[in-house]
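A.B. asks: OK, TrEMBL features for this one:
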DOMAIN    2-116  domain 'Response regulatory'
MOD_RES   51  4-aspartylphosphate
DOMAIN    124-223  domain 'OmpR/PhoB-type'
DNA_BIND  124-223  DNA-binding region
């Protein structure tokens, strides 16, 4: 998952970045509100963490500009103030959550996961597709209760496919998710990652990988047809 951190205090920014990196989140940080707005328009983030006290504009102004630009990325406000009026203003401009400093790392990470799950239409931390279960909190994958060992890049791709299940994702979207516009390799690397991911999932499930190719567009993760699942069950019990 990719997080844009907007925080002007270097110590706080570095601390949060370390917290989130430790939780296997990809973090991109800026200390300017204007740059945050530009980045949010250019790149696809799963969440924006926004401090209210920025040097060039207020966090509320950043929030307002993002929503006026129809940027629907979930936004978590961080503030040293527990002022009710500030919270109401933030929610009124379109914030999804509000966390007061200081805070515990576990709470911040838990809120991030919960916000992202809700934004993608998932109430639970485990997303199931056929025999595959992706645990967004633990960053693990299982097939019928048995662990599936993936590389970091393979997991990130399956996580993105799972969060946007049923939606065709382009190779450019995968590159953006994996590399965030920095030192990006050629597009064909995505085909290589998908090939390896499919092979591991097929070996784990004994057949289906659930990842379909949409020719000329990209890849999509789909739930299996009900009759296929039923056929698997009959075959297993025979």
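In case you wondered, yes, glycine gets a Cβ from its N, Cα and C as well.
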A.B. asks: Among all the protein chains here, how many other CB atoms are within 10 A of the CB of residue 51 (4-aspartylphosphate)?
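C.D. replies: Residue 51 (4-aspartylphosphate) is surrounded by 24 other Cβ atoms within 10 Å.
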A.B. asks: For a three-state summary based on DSSP, what are the helix, strand and coil counts in the DNA-binding region (124-223)?
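C.D. replies: The DNA-binding region (124-223) comes out at 39 helix, 23 strand, 38 coil.
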A.B. asks: DSSP three-state call for residue 51 (4-aspartylphosphate): helix, strand or coil?
C.D. replies: strand
